[in-house]
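All remarks here apply to the structure that follows.
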Amino acid sequence: MIPKFSRGFLFISILLFPFLLIANDGYDLWLNYRKIENKALLDKYNGAFNDYYIKGNSETLKAAENELKLAFSGLLGTEPKLLNSIENGCIVLATKNESVLKGHISAKDYDKLGNEGFIIKSVKINNRNCTLISANTDIGVLYGVFHFIKLIQTQQIADKLTITEVPRLDIRALNHWDNLDGSIERGYAGNSLWKWDELPNTIDKRYIDYARANASIGINATVLNNVNSNPKILTKDYLEKVKALADVFRPYGLKVYLSVSFTSPIKLGGLPTADPLNPQVIDWWEAKAKEIYTLIPDFGGFLVKANSEGQPGPQDYGRTHADGANMLAQALESYKGVVMWRAFVYNSDPEEDRVLQAYNSFKPLDSQFKDNVLVQIKNGPIDFQPREPFSPLFGAMPNTSLMMEFQITQEYLGFSNHLVFLSTLYEETLDSDTYAKGKGSTVSNVIEGKYSTKKLTGMAGVSNIGNSRNWCGHPFAQSNWYSLGRLAWNSETSSESIAEDWIRMTFSNNKDFIEPVKKMMLESRETTVDYMTPLGLNHIMAYNTHRGPGPWVDTAAQPNWKSTYYHRADSIGIGFDRTTGGSNAVSQYFPPVRDRFNSLETCPENLLLWFHHVSWKHKMKSGNTLWDEMCLHYYNGVDKVREMQSSWNKLKSFIDEERFIKVKQLLEEQEVEAVIWRNSCVLYFQTFSKMPIPEELEKPEKSLSYYIGLKLE
Ligand code: GCW
């Protein structure tokens, strides 16, 4: 049930939408239902899909109906009519058992759909042409409606439709690192969407648009608060607020989860301990689970950061991660809740390579986690760097449900100021072959649970959403939220098709706009790697803020927070030796991956300095020395940003001025920062290589000391 007041908001939200479109301030995201300009297409679509017939009246089906009306009024310029019976050109929304569907979709086809899949099919009913959108559940129908709208929006709809879509992963989540005071850890698009002080009485209409956007890409889980969790989130007052949000999100298939602090029984319950094996602690969590599920019967579960970066955890009591996770899982089990337990752990001992630590801590616990626990693993072994190899934990724990954690917010990739399409980063990780069960054991197959004895699957993205008008800060940052959803639905979707759909939906269906913008997007991540951390470099950004370059950072609260720890530049060369002769991190990978990474000859050059300490004079595949090659990458990064600028500047006539100018200005800023990155890194590393910047390249304007003194705000 949506509470009464929020229905009103839903209505207002829908009424307001056309004005938001006109404003073109980016609020409407990819659900930009502007009128189709091509007259022939418009007539065709209007003829083929003018009205609808709907069976059922749940809140979810109402949401589907509203979306259809909203989209069609915008795209086709006429609101579709609700019919009492099937007519020509009719869209039929109905779940499995409706008699109107008899003979059109087989029981076998429905069996394949599970709880969230859908079918869209062109059929003749009573000799009339109809489009069926059907599923086993109402939420499946809603997903089908969004898919259908996308086909019209992107003008890619076939005359005869037979589409079956089933999500590959169970949990498709956004992780908000939102604090209860409204700030967002690593958030660059304003403050939190959640207005805790107004909840539960006032429901911001944005909550509904947030849920619509997520449902449109199949995201079905939202973790509302920061993994560095404030125990207050589990107080009665806050749970009432969480319930209000859960009620708004429910019709859109979006379940609410919370990040919890392991010491909640001490902080809230006044217990002397949070030891997971202590009976009072167990009782406290069981009572808390009961309290939560009484308020929110479909509550998703807990996300936990424990014994990581100062957060409390079971190890404080001599217990293991499995003991901690299982105790919470036990409390949630009877309600079908899950625990997502993060594997992001490392200690401060500089002697033990940080890269080794998550694997060494978690692999021995394989088989020990309960069925309703997922271990949530960051894509790479360090921390969301512009490029990392995949985490070796994928494939290494065949008796544990493993889920992926990507970062959507651009903590290490220029905040919301740089245009970086992260889909290609996600795709690179998902397509990586772990060889856990021989060739073809890609990370994607691993997280789909293909080699696992445990059955839960999932993918999470650390959200880049804030309360800025366009949600994500940079207009193109919206595409990263979008691609996370698309890949969580089907991890084999190509970044190219994701980019194309997003451009068509968000901006324009004009080929002359799509092609150059798609190129910009698809190249943008590599461009950023080039001007920040080429050839496997990583973690050389400014201390703590992670904004701008800081390869010189050599003092930090913890030794493995220093940049020098990661790049290890010296007079001989640069890079971290993780071969069998070094920290031996390569051994965490299955052969032949381990051998490929271990050898200087076969290690992919884009990860070279991740795995090897390499001489400045080392001859690269291009024939250049490592030093020259590194310089060329840094310079190429800047050149590519300039290319993006000149491509974008030619596209003014295709889109609204507001977004055009915003992107133009941001690209100018990106160029300035890319030059700062390049010059800082080249000048700093030159103090070790003592080699000249190749002749043909422009010389840095300023000295190294200038860049060291510069702080990007
Ligand atoms: O990347 C680091 C961030 C922290 C973050 C942590 C984590 C939420 O710098 O801000 O804390 O990762 O993922 O837990």
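Cβ coordinates come from backbone N, Cα and C, glycine included.
Copied over from TrEMBL, here are the features:
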type: ACT_SITE; residues: GLU309; note: active site, proton donor
type: ACT_SITE; residues: ASP383; note: active site, proton acceptor
type: ACT_SITE; residues: GLU411; note: active site, proton acceptor
type: DOMAIN; residues: 29-148; note: domain 'Alpha glucuronidase N-terminal'
type: DOMAIN; residues: 152-471; note: domain 'Glycosyl hydrolase family 67 catalytic'
type: DOMAIN; residues: 472-696; note: domain 'Glycosyl hydrolase family 67 C-terminal'
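Shown on the structure are the features that TrEMBL records.
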| residue | record | Cβ neighbours (10 Å) |
| --- | --- | --- |
| GLU309 | active site, proton donor | 12 |
| ASP383 | active site, proton acceptor | 17 |
| GLU411 | active site, proton acceptor | 22 |
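Geometry remark: ASP383 (active site, proton acceptor) versus GLU411 (active site, proton acceptor), CA distance 10 Å. GLU309 (active site, proton donor) sits 17 Å from GLU411 (active site, proton acceptor), taking the Cα positions as reference. Confidence in the domain 'Alpha glucuronidase N-terminal' (29-148), given as mean pLDDT, stands at 94. Under DSSP, GLU411 (active site, proton acceptor) is assigned to coil, being neither helix nor strand in the three-state scheme. DSSP assigns ASP383 (active site, proton acceptor) to coil in the three-state reduction, outside any helix or strand. Residue counts for the domain 'Alpha glucuronidase N-terminal' (29-148) under DSSP (helix as H, G, I; strand as E, B; rest coil) come to 47 helix, 28 strand, 45 coil.
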